[in-house]
Structure formats: structure tokens, C-alpha cells
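This structure is in C-alpha cells; I'll ask about it shortly.
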Amino acid sequence: MGSKFHAFMFPWFGFGHMTAFLHLANKLAEKDHKITFLLPKKARKQLESLNLFPDCIVFQTLTIPSVDGLPDGAETTSDIPISLGSFLASAMDRTRIQVKEAVSVGKPDLIFFDFAHWIPEIAREYGVKSVNFITISAACVAISFVPGRSQDDLGSTPPGYPSSKVLLRGHETNSLSFLSYPFGDGTSFYERIMIGLKNCDVISIRTCQEMEGKFCDFIENQFQRKVLLTGPMLPEPDNSKPLEDQWRQWLSKFDPGSVIYCALGSQIILEKDQFQELCLGMELTGLPFLVAVKPPKGSSTIQEALPKGFEERVKARGVVWGGWVQQPLILAHPSIGCFVSHCGFGSMWEALVNDCQIVFIPHLGEQILNTRLMSEELKVSVEVKREETGWFSKESLSGAVRSVMDRDSELGNWARRNHVKWKESLLRHGLMSGYLNKFVEALEKLVQNINLE
């Protein structure tokens, strides 16, 4: 291996982004590289336990400036509703002087970033290489962000796009309308991401050639930037904290592979009528289920929003829970037979490396594209059908679940076989370490080239 480097990391102030960056930091620190991790003060406490190499990874906190429209003390996406994201982006942009000072003093070799599109400018000023680390699927980047296209072109497939399946259809293109919204000071979300992709030295993506190679090649060709793959970087199971007794005891009442686990991510808050339809769809399956979702809009608790008579009807086999749960440990429990998910990027990988059948109810544009990748390219899952309005019915949900849970179902057996194949491929010995070794070697060469310039 080459000489050791010092990397700065500056992720977006959302915990999904920060934890993905920290997971990569741990992998680099494992190989004795030094990391300075820039983050809001509030986030430090929540992330410290995930820093596995405190001798190599140093947290450097930033003071998040006040911004009109941003609640006092808000520093991360968990402090605000999704509608206030633009104000948080403005706050991030206004840390630029602090970040520049940190780079000046710390003298890193590399800076990893995602939403802070001005990082490449600072990097060039100090002779540092910038790495745009993407924490969404390559397919999503390939269809959404292409040089020479405008925000108005998002409803059509870019020329040369390598898939006829991983697409948005009809009304689904509206799910990308947020890309044209203001996001930070004087820029839209689309412009912010495009500037970062065009100006960075290297693009890196948490994926693997086996799954998304053609999308990565398309991105590399479009941006004329080297695309480095970290591999899937699957999190190691945390065996230090067993599954909470409440869920261990409840799940143990049921036969192996019989329970549906449903979780729609931290961002999704359903309308009350759609929440009730979700509950009724679970009831309609006739199977035991655990649903972990936030209370719907307009409700302060799960209980007040449940359909009339629902709790009494399902009390022996169903739970709807509004709090946090240990998702990886629940998915690993032998009683779980089906995972119903929104198909966020993290949940997508979790689904692939577990044994349960997979059903997706995507909500956002990125999630829809992830779902098409999983259901139509890899053929490991089933997507719940929606109406033109975006509504999904209890019948479409229960039908999708039954189609994968029924042992006599051709669709279920087909998805099961493909899932086993992909799980074995992703978990085969040496795959992840091989990707990581190549990734680190490429970074070391990048740093060596700086020193030769």
C-alpha cells in the first residue's frame, strides 16, 4: 500500500449522510489513514459511538450560523421538517469561512463532500483533491444529473442512459420537482449537485460494479471524471446490543419466516387516510406484522390515528409502533419473512443481505428508482402498485405481500431465488475488502500525483 493520507470529510447535515461518511471514515482509518470529520456540534454526541477509530478519526465541530427561517438551535435535518431544508443548506453555506480556515490549518490531502458544492474551489486554492462522495444509487445520479441538460429535461430519459427499466413513469416525474426548488443561498438543489459533480476531481459512489456498473460507466463518461466505487460497504452487525426484550419476545411467538416487518424511513410521514390504508393492508394479509412508522400528519400519536376497531381485530398478531426500533436486528430475526420498505438507499442494502422477501412502497424519486433497480433489473423484490394520484390501496399492498410470501407463488419463488443469488454474491468472501483496497489505492495514487505536481 502507498503512503498514508489525511482526508477531511464534510457531509450534508443529515444523519443518513453523516453516518455513511463516518462508515467510510472507519474503513479508511482501519488502514491507518487520518480523518478530520467536520460536523455540527449537536451531531457530535450522536455520532461519537460510531467512531471506531478515535485515534485516527478526529471530530472537528462547526458553529452553525443563525439563518432567517431556520429555528433557533437547528443544526441537522432531524431538527427541522423537510420543508426547511433550504434554510439548513444556507446555514451550511455560511460555514464556508470556518471550513476554509480548517483546511488552511489542517492541510489535508483530500476533501470528501456531497452538498457543499463550493468545496472544490477551496480544495484547488490549497492544492487539495476533492472527492464527491455520493450516498444515493448510481442509477439515480445517472438519470437525474447529466451535463448539458436542464431541470426542464428531468421528465425524459437522457441520451445514452443505459436502462429501459430503471425509470420514472408518468406522474412519477413530479417526484423530482424538488430538484428545481431553491436549496441554500442563490442556488437550486439541481444546480448545487451539478456544480459539485462538474468541479470535483473524483466522483465516488457507495455501490458495486456487479449491481450498477453500467450506470457508473455512464456517469464517468458524462462528467469525464474518474468514478471510484467503495463497494457496498455493508455495516457489520452490532452484537454488543441484543434485540430489545419487547420485540424479541413478541417475534418469538410466531413461526420462522411468517412475520411482515414494515418501515418507511425517518422522512416519510403519511397522510392519515394513507396511513390507515397501510394498516388495513397489513391486516388483510392475514399474517402477523410489525409496522414501525411515524404518526401520520395531523396526529400526535399512532393510537389516535388507527382505523376504527383495528387494534381489537389484530391484537394477537399485529403491532403498529411509532418509536425507534433496532431495524438490522429485527430483520435478522428468524421470524421475519417479509420486509416492506420505502427503498431508501440504506434500507435497500439491508434488504439485500437479509433472508426475508422484499416488498417496496417508494415515495420519493430516488426511492422509486431504487425500487425499479431492485424489482426490474435485479428481480429480487416486488413493488406495490399505485394509482395515478400516488395512492396505494390495501388490496395492492396485501396482494404484493402475499405474492412473495406464498410458497406456491411463481413470482415469490422467482424473487426468492434471485435474492439468494445476490445475497451470496454481495457477501462472498473478499468482495467488500477487494473493493475497498482498490478504492484506497486509487486515493493514494491521487495524493501521490498532488505531491508530484
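Placement of Cβ uses the backbone N, Cα and C atoms for every residue, glycine included.
Swiss-Prot lists these features:
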BINDING   Ser266, 325-327, 342-350, 364-367  UDP-alpha-D-glucose binding site
Far apart in sequence but close in space: which same-chain residues, 6 or more away, have a Cβ under 8 Å from Glu350 (UDP-alpha-D-glucose binding site)?
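Listed in sequence order: Gln327, Pro328, Leu331, Phe339.
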In the structure shown, with every protein chain counted, which of the binding-site residues Ser266, Gln327, Ser347 has the densest set of Cβ atoms within 10 angstroms of its Cβ?
Ser347
Counting only residues 6+ apart in the same chain, whose Cβ is under 8 Å from the Cβ of Glu366 (UDP-alpha-D-glucose binding site)?
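Listed in sequence order, they are Ile136, Ser137, Cys140, Gly344, Phe345.
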In three-state terms from DSSP, label Gly344 (UDP-alpha-D-glucose binding site) for me.
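It is coil.
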Just to be sure I understand the packing, how many Cβ atoms besides its own are within 10 Å of the Cβ of Gly344 (UDP-alpha-D-glucose binding site)?
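Gly344 (UDP-alpha-D-glucose binding site): 23 neighbouring Cβ atoms within 10 Å.
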